[in-house]
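Here the structure comes first, spelled out in structure tokens, and everything after it is commentary.
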Amino acid sequence: MSARTRELFALIPAALLLTAGFAAIFLSRGDLIGGLNGTNEVSDVSLTYGGIFLGVCVAAHLVLRVALPDADPYLFPLVALLASFGLVEIYRIDAELARQQAQWFVIGVGVMATTIVVLRDHGKLERYRYTIALAGIGLLMLPRLFEPTNGAYLAIKVGSISIQPAEFAKIAIVVFLASYLRDTRQVLVLGARRFAGITFPPLKHFGPLLLVWGTAMLLLFFIRDIGSSVMFFGAFLAMVYIATDRLSFVVIGLLLFFGGAYLVAGHIGHIADRIDAWQTPFDPEIFNPDRAGGSYQLAQGLYSQADGGLLGKGFGGAVLELPKGQCGEGASLCTLLPAPHTDFIYAVIVNELGLIGASGLLCVYLLVVQRGFKIAMLARDSFSKLLAAGLTTVFALQVFVIVGGVTKVIPLTGVTLPFVSYGGSSILANFVLLALLLLVSNRARREA
Amino acid sequence: MNKPITRVFIVSMMMFALLVGATSWWTVVDADSLNHDRPEQNRRALLRGLKIKRGVIRDADGKVIARSVKRSDGVYTRRYPQGDLFGHPIGYSYASLGQTGVEAFYDEDLRGEQSDSESLLGELTGREQGGDNLQTTIDPTAQAQAEQLIAAASPEQGGSAVALDPQTGAVKVMASVPGYDPNDLRQTGALDRFNKDDTRRPLVNRALQFGYAPGSTMKVVTLAAALDSGKFDLDTPVDGTNNVPISGVPLKNDFNESLGSVDLVTALAKSVNTAFAQVAVDLGKGTMKKYMDRFGFNKKPQLDYPKNAMSASGEYRAKKQGGPLGLFPPTSTFADIGRVGIGQDKLLVTPLQMAQVAATIANKGVLMKPHIGARLVDRDGRTTRTIEPEVQSEVISESAAADVTEAMVAVVERGTGGAAQIPGVQVAGKTGTAETTLGPGAKNKLWFIAFAPASDPEVAIAVTVDDVVGFGGDVVAPIAKQLIQTLLNEKKTP
């Protein structure tokens with residue numbers, strides 16, 4: 001069976017999950033009227049949704065069949081599985097949001113196809129590396145011109161659409177780093193000096209790298225988005241490590257990062273608040289819903305995970321909102337769990353599908369990550385290896401930052417759960433990321 | 001370059017394992033604490049309760065005390081068709097206010113807490129989640145009568161009555177006046193208004209929460225300890241002279257009566273303070289504490305009612321001005337055991353506790369665990385759980401109990417409790433009068449504890465009325481008498 005045929009068959013489970021998921025939601029809402037009247041609306045509607053979803057996926061598959069016949073067959077079906085997970089969960093939260101998300105999914109698949117068809121060869125990206133680096137930094141800077149949300153400059157608003165440029169900037173920075181490290185990895189290793197038992201990279205070649213990365217980091221603190229900065233920095237370290245195989249570089253980098261973070265955390269109010277909230281989320285004073293930078297959201301996220309337990313409450317089983325008349329006079333919040341469709345979608349998933357369902361979701365992510373690193377290992381040239389590994393690391397770190405934040409492993413910072421959270425920027429950027437991984441894998445497997 | 005890539009992948013796997021581990025912590029290991037420990041932060045259980053048809057609570061006649069009705073917006077809310085009659089002890093259950101009383105204690109049963117497999121089965125069969133119905137032991141006729149009589153006797157400060165079936169521990173009456181109508185709490189701000197009413201305090205269940213000085217009803221405990229310990233028998237002469245110094249301070253008898261040497265039956269019938277104070281001193285703090293503990297003092301009652309809404313009966317010290325009261329054992333150096341033995345000193349007791357004292361004597365020295373719930377019945381009418389009679393403690397021997405009964409019968413037949421006499425039924429009782437103010441027209445806390453029929457008791461009761469001029473025997477004994485008559489009649493014609 002060819003790679004593409006395997007891909008086609010692997011898409012079926014994703015479509016089935018979507019169908020079953022919608023059916024479960026209709027059932028839990030008690031929309032059984034159709035069924036009782038003999039028209040069986042439940043299965044009809046969920047089958048329609050499943051069918052449309054499968055149709056979009058098959059169309060994307062056909063593009064891949066023509067353009068990238070040798071690309072990894074599992075990546076796209078895994079992503080489709082994640083997207084169907086997200087669509088069902090968002091639909092359960094708000095039908096209108098799910099409609100928009102479905103739109104973004106279709107556009108995202110289109111962007112992926114366009115990227116593949118237009119780019120054809122990811123090697124071309126190397127030619128524009130400084131342009132790409134500048135574009136990435138520019139993207140990060142843009143939100144500073146707009147109003148901050150929750151103390152961070154995350155989004156730019158064009159009309160009614162809000163765009164999160166950091167989602168795209170992460171790809172630009174990884175492309176630049178991959179290209180630059182390809183050129184300098186040898187000198188970085190050969191020119192390194194040992195001092196006091198630690199190997200230091202040569203400043204001459206490491207300099208520009210530090211400069212670009214440093215600018216990106218400064219900007220991230222400038223826009224106060226600590227979640228993205230952790231992602232960027234982690235990917236940077238992983239790529240330097242893969243390029244040079246020198247653990248000491250990673251150690252130096254980590255020390256620099258924590259030193260910097262320590263200095264910055266004290267000066268940016270909302271970061272210090274986040275750390276307090278992280279340490280004692282159930283403290284009544286910090287828990288106060290009206291307190292800016294309080295722990296209300298984190299604590300409610302933990303409560304809803306506990307509510308889910310091992311098996312979950314089932315689709316529609318999570319309590320997300322207070323009923324009318326239960327909000328209390330003058331209460332600023334009528335939602336029990338704020339941001340259930342974006343930052344806290346993981347908590348909702350745990351609430352409804354339990355530890356079992358959430359572990360399944362994390363396994364799907366881990367499989368995507370495994371395919372990504374596998375592509376990096378198969379690739380022949382350094383640029384492809386670094387690009388694939390870098391993109392995969394950014395992807396894995398994004399999952400870690402948000403899920404770790406929601407489960408109180410690390411302080412909470414708002415990034416999206418790739419392909420699952422609601423949000424156009426996130427979907428589009430991650431489909432571009434997927435397109436690049438598929439391009440790398442097509443060449444790698446063809447040559448192999 | 002593949003080796004470092006492999007290592008980065010291994011680090012990624014470890015990070016994902018950490019995420020699964022953290023999720024397991026919140027969903028499994030720590031879940032119980034998160035789900036239950038902070039209901040003010042985590043209101044999921046209460047909100048979910050809105051969608052559940054809570055079980056019905058019924059009185060002993062099968063009439064509905066509390067039921068859930070579906071509002072037009074699909075949310076269930078509680079209705080209490082009998083109004084303020086059962087505000088205490090049944091309590092209320094509203095999502096916005098929480099739960100109290102029996103509603104709170106039997107919450108899981110009334111909600112129908114389901115296991116995952118049960119709720120899955122329910123989903124498939126289309127069966128709505130619903131709780132079991134609770135049948136209680138409360139007699140509505142006697143309950144209504146108790147509330148009326150107490151309100152008539154003390155309209156301002158009210159009082160309380162508790163009646164028990166001594167053989168089973170079933171609570172027949174639990175009245176607390178002034179009370180409240182749980183239906184009123186649905187109005188915005190009503191709970192707050194009731195809470196701030198410091199003169200009437202309608203939300204306090206006086207049967208379980210209020211500390212009253214027990215006055216002479218405590219002499220029954222002292223007599224039981226004296227007889228069961230073997231140090232005394234009914235004929236042992238005791239000193240009933242007036243103004244005997246107890247703990248260095250002379251103690252007076254009622255009307256400064258000096259009786260000289262009397263036997264214990266007369267001492268109880270005439271409620272001689274000096275006699276029982278000396279008996280208590282003679283028994284000593286250790287023996288008094290031992291018997292008080294057996295009767296249930298110094299600990300929260302074992303009633304099927306939320307623990308935080310019940311007070312222990314015992315010696316209380318005011319910690320600071322306006323500060324919380326502190327329970328301390330009667331063996332403490334602060335205790336004046338002679339005055340404890342006659343219900344003075346710093347003794348504060350609940351009507352339930354004094355009803356249990358009467359019930360213990362009535363049940364041949366064996367104290368039964370009190371309970372308001374009789375049984376839980378599912379929606380198909382099957383009994384899912386019966387609250388069986390259980391022994392709380394074996395307090396005194398059967399012969400000692402028979403002797404105490406004899407003395408208590410004397411109280412009613414020729415002593416201070418004459419107003420409780422019922423034609424054709426032998427009543428055993430004890431009066432109590434605790435002074436709250438001094439001087440002419442002084443107001444007292446009045447008590448009467450009793451059981452009947454003395455030979456084969458079916459009812460044990462404690463009645464207390466606050467801030468009334470007079471003696472327990474004059475004001476409260478007639479209330480107890482009427483309640484006993486009602487309960488005995490009810491028993492004959494079920």
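First residue shown is number 1, and so on along the chain.
Keep in mind that glycine also has a Cβ here, set from the backbone N, Cα and C atoms.
Residues annotated as transmembrane segment in TrEMBL: A:47-67, A:74-91, A:103-119, A:128-146, A:158-181, A:202-220, A:226-243, A:250-272, A:344-367, A:387-407, A:419-440.
Most Cβ pairs within less than 8 Å of the transmembrane segment (A:103-119), among stretches A:47-67, A:158-181, A:344-367, A:387-407, A:419-440, belong to A:419-440. Between the transmembrane segment (A:158-181) and the transmembrane segment (A:47-67), the number of CB pairs under 8 angstroms, six or more residues apart, is fewer than three, so the stretches are not in contact. Contact between the transmembrane segment (A:74-91) and the transmembrane segment (A:344-367) is supported by 3 or more Cβ pairs under 8 Å, counting only residues 6 or more apart in sequence. The largest share of C-beta pairs under 8 angstroms with the transmembrane segment (A:226-243) comes from A:387-407, of the ranges A:47-67, A:344-367, A:387-407. Residues 4, 7-8, 11-12, 14-16, 18-19, 22, 76-77, 80, 84, 87, 105-106, 109, 112-113, 116-117, 120, 438 of the same chain lie 6+ residues outside the transmembrane segment (A:47-67) yet bring a C-beta within less than 8 angstroms of a C-beta in it. The list of residues near the transmembrane segment (A:387-407) in space but at least 6 beyond its ends in sequence, with Cβ under 8 angstroms from a Cβ of it, reads 122, 125, 170-171, 174-175, 177-178, 227, 230-232, 234-235, 238-239, 242, 298, 301-302, 305, 343-344, 346-347, 362, 365, 368-369, 372-373, 375-376, 379, 413-418, 421, 430, 433, 436-437, 440-441.
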